[in-house]
Amino acid sequence: MNKFKNIAVYGGGSFGTSLASLAAQNCNNVTLFLRDEAIAKEILHNKTNIKYLGDIKLPAHLQATTNLDIIKDFELIIIAVPSYAFDDSIKLLKTHSISKDNTLLIATKGFARNPTALFSDRLKTLLPHSPTAFFAGPNLAKELAKNLPASASIASLDIDIANKIAYNLSAKIFTTNVSSDIVTLQVAGALKNIFAIKSGIDLARKQGENARATLIVAALKEIAILSQALGGMQKNSDILLEVGVVGDLVLTCYSLGSRNTKFGYELGISSDKKKFLQEYKELVEGREALKLVLDLIKKYNLHMPVISKVASCVIPYVIPAKAGIQHKAR
């Protein structure tokens, strides 16, 4: 199978930098595109990104730049930006001549906004001719950057594209599987952060490990409910058992290294929850995704009690846990 001659990663945070480090294991021409000139120079000269990854050393041949004019020359472009920045990022790349010659791998988790939609649906409008795939897995950024064992699922409507990307990213310490179910992988990636908030709340309330295991089962059911409503899981439910779904879900819910679990835990132990929510400034993807998922629950009249329970803890005046009708998983 052919290798990509070069790979770009757009997004210089912890996850983007770690993905660039991963890609550089198999490709000698990898460039990280970011906005911060100082961090770009640090990566070029010191091979570190202290702000996001501490003193972890990055591959010697990894390049970094703020010059987007050259990104169109890269065969594979990995998008690793926060969900709130997704639309603007794609629009910006479009102004720099991204085309059908560039394959996109979306590593961003969440939903597109205004209106709420899957990233794949938004890309049909913004970049309809670019080959696209989606990336998800139990991948803590610092562990990836340290080359510790990990795995990921890669989904694309074009299974040949998924296989090519998997071939280019796979290594002895990094395994991949492929799927054509892009909907379920995206839904799981967005919802996992909300379930992690619930896991943190339960941890703060000392609900025990039994409750956390039960949460995982309930979470998988609700992922299936929303996925089916959005057109996923048309052939089978095997995707739920892949690392990009249950693997990512378990890691996010069980690790206090997860911002979302940490947020849920701190919310759970807070004596003044209203004040805590008003003053909490750190980005929590699950908190942002929650508002968008509620729109989808209402639109499709779904029964997702765990999501609704988290909403009742985080957002005032939301639908109660019993709202909606039962949408059974097939």
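In case you wondered, yes, glycine gets a Cβ from its N, Cα and C as well.
Quantities reported herein were computed from a predicted structural model and do not represent experimental measurements.
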Per Swiss-Prot: NADPH is bound by Ser14, Phe15, Arg35, Lys109, Ala141, Leu283, Glu285, and from Arg205, Arg259 the site also lists Arg259
Listed by Swiss-Prot with Lys109, Gly137, Lys192, Ser258, Arg259, Asn260 as binding sn-glycerol 3-phosphate, from among Asp181, Asp202, Asp248, is Asp248
Those recorded positions from Gly137, Lys192, Asp248, Ser258, Asn260 that fall inside 10 A of Lys109 (NADPH binding site) by CA distance are Lys192
One finds that other Cβ atoms within 10 Å of the Cβ of Ala141 (NADPH binding site) number exactly 21
Within 10 A of the CB of Asn260 (sn-glycerol 3-phosphate binding site), the number of other CB atoms across every chain shown is 24
If we take the residues Ser14, Phe15, Arg35, Lys109, Ala141, Arg259, Leu283, Glu285 that the record assigns to NADPH, their largest CA-CA distance in Å comes out at 23
